[in-house]
């Protein structure tokens, strides 16, 4: 079966990763030791996409946990599902990257990367037919962004034909953890544009908004945010983990979602989002799910798709859903909001169905959108980047690790190019094809 190897790097990546494993273990009927106690054949049928069956019926996640300091790892190991993971797959340094991309990418991280690759290789060899990798990390810190992108490029070299999906927590406009976030994020995006096949952008601020507005939590903790992210990750991977009518794998998803190779940064959403304890008071319908799923307030990245247009999007419905009803709803959305979809890609909404709903819900839907409005996010980071870079603020932390200013300039211009590519396709219409055909090759010659 088509296996996926999961890699989590840095503090943020490990916390999201831990929440993800907790969620999908529950969906597959595994307890915190990886022992199966479920009731449905469907839970077992594709278990091996994410789990390796060890002896005595224990299922072990195909997960590699990486960090440059032991703290987060110890927390994962001591957490509710700490006994699930293979002990050899915890790889950590002692020094920490100190929110410095250069440390994660060039010095501290580079020392550890070979150990990590050995473990990844071993996991990959245990697969019948490896489909690809997924990485959870944040772009604002040092380890997840610097070492995460280093791992991605190394894996790319070694497994050039496998898919690479990343769940990347991007810095948010108002909530900032560190001053140098714009540097770390820009340097990471520079790598992701080249090396990732699909990047799901998640943003803490949007998650805070969802927690406060929709889930009515007065002061959300990271646990609540991670719960949202794991719901989306579980939704995106649902077609890979359960047999369904319309199955997709990472590659099919990419084929449907990425019209131009560099434009693979997706916005994600999830429905129904109800406050814990409220969902038992109402039944959810497909029209409601669709409505909520396309609601800007539900997007987990703080850019408003009403300022741009969708190139493509994909919706994944789970539960007992009628195919016909879903298709009608999708057609309905497209007709009502036709201005938000580019007209030069017909049928740009893809739908997938899976009969098994998440725990505690009758139905749910996950949304993945490739919208040109994601450029807002890159623009925002880019402005913060150039404000600091112009004054060479904090630059000595990076040059001290052997980086060159040239790299910063390159990363900045690559990100600006990305923004203008999104803008170009946002404005493109059907009628002006001729001029684009001449321009297009020049755009993508990197």
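The backbone N, Cα and C atoms fix where each Cβ goes, glycine too.
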Message: Using only what Swiss-Prot says about GTP binding by 69, 138, 142, 143, 144, 204, 226, identify which of 11, 43, 83, 191 is listed for that site too.
response: 11
Task: Using all protein chains in view, find how many other C-beta atoms are within 10 Å of the C-beta of residue 11 (GTP binding site).
output: 25
- prompt: Of all the binding-site residues given, 138, 143, 204, 226, which residue's CB has the most CB neighbours within 10 A?
  reply: 143
Query: Taking the binding-site residues one at a time (142, 144), which has its Cβ surrounded by the most other Cβ atoms within 10 Å?
result: 144
Statement: According to DSSP, residue 138 (GTP binding site) sits in strand
- prompt: Once the chains shown are all counted, how many other Cβ atoms turn up within 10 Å of the Cβ of residue 69 (GTP binding site)?
  reply: 19
